[in-house]
Amino acid sequence: MPPPAPGARLRLLAAAALAGLAVISRGLLSQSLEFSSPADNYTVCEGDNATLSCFIDEHVTRVAWLNRSNILYAGNDRWTSDPRVRLLINTPEEFSILITQVGLGDEGLYTCSFQTRHQPYTTQVYLIVHVPARIVNISSPVAVNEGGNVNLLCLAVGRPEPTVTWRQLRDGFTSEGEILEISDIQRGQAGEYECVTHNGVNSAPDSRRVLVTVNYPPTITDVTSARTALGRAALLRCEAMAVPPADFQWYKDDRLLSSGSAEGLKVQTERTRSMLLFANVSARHYGNYTCRAANRLGASSASMRLLRPGSLENSAPRPPGPLTLLSALSWLWWRM
C-alpha cells in the first residue's frame, strides 16, 4: 500500500486499533500494555506539513497526541513548546494536530490515546521524513599531466539513500558511485565531468560539474610552406596542440626571427597556431624556416620553406611514365 501524499491527512480509525492501553489522568499518561500490531507509516518530504488525525466513533472523555513519550496536546491543552505544532480539530468525532515545516527531528512514532466510557484505546502512526538528494561536497577543478591519475569525489546526502553517478560530458561515459578513479589519463579524457545524485523524492536530480584539465607537451599538427614571387606577400603557417598553450618561435637558418621593419616580416600568433607573414618578399627571404612550439612540458619543431616559383627545391618528384630516357635519368638522379 503506497504511503499518503505529503501533507495528506492520515485517518487513524481508533476503534479498529485495539493494539495497546493507556490511561490519561490529569494530563499524565502511563502505558500499560505493549502494542501487538505495527504502526501505520506516514511519509512526508522535509519542509512539508503533516496532519495527524484521530477519528473516533465512541464517546471520549479524554484524548491526547504524543510523540514517543512526550505529550504534544491533551485535549485543548498545549504541552509542547514547539511553535510548529498546533491543534487543528478537537471534536467528539475527530482530534487532529498539524506539524508545519517538518524536519528530520520530527521523524518517529506518534500515538493518539483516548479514554472512552468503557476503556482506554491507543493507535499509532510512524512519521517518515524524506529528504531530497543533494550534493554536499565535490572535488575542485583538477589539472594533471598526461599519464597521471585522477580521483574525483562527490558526496551526497538524502533520505532514502541517494544514488551517485559520474558522467563525462564529452563522450557520455558514466560510472556509478561517489568516487571516480581515472588511471593513466590521456588528453582525450579532459573536459567536464558531471556528478548527478537522485533518490526519487524530487523529480529533478541535483548535479554539479568538475573541470579536468590534462596537460601535455606540444605536438605540431600542420605546417604550410609557400611559393611566392619577388615583391609579393607570403605566409608560412605552423599549428600545434598543447596544454598549456604553446609559445611559438620562428627561426631561419638557426637565427631567431622577430617582427620588425628591418626583417620585413611579421609574426602573428593565435592560441594554437603561428604565422610568419611577409609583406614584400625579397631574395633574402627565400630559404628554410623552422617553427618551434614549446610549453613547460616539452617542445616540438617542424621545418618549412619559402620558395621562388619554378624552383625544383622541395617539389615532389614524379615517377617515370612514357617520358624520354633523359627525363627518366633526371628523375632517378633526383631520387638518389
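Glycine too: its Cβ is placed from the backbone N, Cα and C atoms.
Under the heading signal peptide, Swiss-Prot lists 1-30.
Here Swiss-Prot flags 33-122 as domain 'Ig-like C2-type 1'. Confidence in the domain 'Ig-like C2-type 1' (33-122), given as mean pLDDT, stands at 88.
Look at Swiss-Prot and you will find N41 (among others) tagged as N-linked glycosylation site, backed by sequence analysis. Counting Cβ atoms from all protein chains shown, N41 (N-linked glycosylation site) has 13 others lying within 10 Å of its own Cβ.
Residues or ranges marked as N-linked glycosylation site in Swiss-Prot: N49 (among others). N49 (N-linked glycosylation site) falls outside any helix or strand according to DSSP and counts as coil.
Positions annotated as disulfide bond by Swiss-Prot: C54-C112 (among others). In the three-state DSSP assignment, the secondary structure recorded for C112 (disulfide bond) is strand.
In the three-state DSSP scheme, N67 (N-linked glycosylation site) falls into the strand class. According to Swiss-Prot, the feature N-linked glycosylation site maps to N67 (among others), an assignment based on sequence analysis.
The domain 'Ig-like C2-type 2' (132-213): residue composition by secondary structure is 3 helix, 50 strand, 29 coil, according to DSSP. Residues or ranges marked as domain 'Ig-like C2-type 2' by Swiss-Prot: 132-213.
Summarising the annotation, Swiss-Prot assigns N-linked glycosylation site to N137 (among others). Annotation for N137 (N-linked glycosylation site): same-chain Cβ neighbours under 8 Å, separated by at least 6 residues, are L153, C154, L155.
Under the heading disulfide bond, Swiss-Prot lists C154-C195 (among others). Within the same chain, the residues at least 6 positions away from C195 (disulfide bond) whose Cβ sits under 8 Å from its Cβ are I135, I138, L152, C154, A156, V164, T165, W166, R167, S207, R208, R209, V210, listed in sequence order.
Residues annotated as domain 'Ig-like C2-type 3' in Swiss-Prot: 218-307.
Here C238 (disulfide bond) comes close to I220, D222, V223, T224, F248, W250, R273, S274, M275, L276, C291, A293, A302, M304: these same-chain residues lie at least six apart in sequence, with C-beta atoms under 8 angstroms from its C-beta. Per Swiss-Prot, the feature disulfide bond maps to C238-C291 (among others).
The Cβ of N288 (N-linked glycosylation site) has K252, D253, S303, M304, R305 as same-chain neighbours under 8 Å, each 6 or more residues away in sequence. Summarising the annotation, Swiss-Prot assigns N-linked glycosylation site to N288 (among others) and lists sequence analysis as the type of evidence.
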Item checked: Neighbours of C112 (disulfide bond) among the glycosylation sites N41, N49, N67 (Cα to Cα, within 10 Å) -> N67
Check: Quick one: Cα separation, N41 (N-linked glycosylation site) versus N49 (N-linked glycosylation site), in Å?
Finding: 15
Check: If you run the three-state DSSP split on C238 (disulfide bond), which class comes out?
Finding: strand
Notebook entry, point to check: Of all the glycosylation sites given, N49, N67, which residue's CB has the most CB neighbours within 10 A?
Noted result: N67
